[in-house]
Amino acid sequence: MAIERAGVIGSGLMGSGIAEVLARSGLDVVVRDISDEAVAAGRARIEKSFDKGVSRGKMTEDERSAALGRMAFTTDMAAMADRQLVIEAASENEEIKKSIFAELDSIVEDESAILASNTSSMPIIRFAQATSRPSRVLGIHFFNPAPVQPLVELVTSVLTAPEVVDEVEAFVSGVLGKEPIRADDRPGFVVNALLIPFLFSAIRMYEAGHATKEDIDTGMVKGCAHPMGPLRLADMVGLDTCFYVGQSMYAETGDPAAKPPLILSRMVDAGMLGTKSGRGFYEYGG
Ligand code: 3HC
């Protein structure tokens, strides 16, 4: 059965980006967050991105209106009842995510619906076990900015049914036009298992005063052809997200490379969350 009705839980940076990708691919999308303010901010982010798409000639005015017309924004979880695919993109907090999965399990009516998490590093099996249908649960992990990055990691728990992964793989490549890779349900999956130690090394290098933040970033951009340097990338991912992902990887593996640097913890406590708060390693206007 073709997936035509999707839901996204969370309208933050990733949730709104994922919802945008789904709507632009022709799906009917319901986006749910916990407060009117969060929902309005998510909607505004998507509208701004569509406006940018129109002004850069990537979509027409008609396509913009059609995509927005396919989207609904709500604080009501009951709106997920008729969804065939729901992607959870709430903040990286295991208890919150588990309770979302338990709630979805009781609300989503179609037993063949797929319940997915966009978690960056948390064990998918724990969310699967919060439901009565663990074989229909998997990780569908997008990369920031979701409308731009082609990759999607498909994370299978030990209980995910093989046909569910096959179905999602065909959907991700055929309908969303993204490039799927498969990953085991291990801390950080493929990409963050490699990326987080790299970002933390750069933060420790800055913390130790080895080089300026600009020189660290220029080093990787000009020396290794990275599209952006690690400190600017950490700002874009969100310093809170980097912190929580590292914390969860470190808790499971004990790998010191995944342990969040002290300065990162202090910056998160200070509300310096990177691009989204206007200040991280760099300052961002507007
Ligand atoms: N939404 C939609 N489109 C966007 C966008 C956004 N947020 N940001 C940029 N774009 C588009 C622009 O419109 C532009 O499109 P065009 O060339 O067709 O006109 C294109 O992307 C390039 O943008 P810019 O010219 O503004 O800037 P850059 O060329 O510097 O690219 C970037 C910006 C795409 C962010 C690039 O620097 C990049 O790819 N950086 C690396 C990002 C990365 O590594 N992401 C993964 C993070 S890890 C992660 O998400 C996992 C998580 O679990 C932690």
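Heads up, the Cβ atoms here are built off N, Cα and C, so glycines get one too.
Here TrEMBL flags GLY10, SER11, GLY12, LEU13, MET14, GLY15, ASP33, GLU92, LYS97, SER120, ASN144, LYS276 as NAD(+) binding site. For the recorded site, ASN144 (NAD(+) binding site), the DSSP three-state label reads coil. Listed in sequence order, LEU13, MET14, GLY17, MET236, VAL237 are the same-chain residues at least 6 apart in sequence whose CB falls under 8 Å from the CB of ASN144 (NAD(+) binding site).
Taken from TrEMBL, the feature domain '3-hydroxyacyl-CoA dehydrogenase NAD binding' covers 6-185.
As a whole-number mean, the pLDDT of the domain '3-hydroxyacyl-CoA dehydrogenase C-terminal' (188-284) in this prediction is 97. Per TrEMBL, the feature domain '3-hydroxyacyl-CoA dehydrogenase C-terminal' maps to 188-284.
For HIS141, the entry in TrEMBL reads site 'Important for catalytic activity'. Every protein chain shown contributes to the tally, and the Cβ of HIS141 (site 'Important for catalytic activity') ends up with 27 other Cβ atoms within 10 Å.
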Between HIS141 (site 'Important for catalytic activity') and LYS97 (NAD(+) binding site), how many Å separate their Cα atoms? 14
Near ligand 1, meaning Cβ under 6 Å from any of its atoms: which of the binding-site residues GLY10, GLY12, MET14, ASP33, LYS97, ASN144 fit that description? ASN144
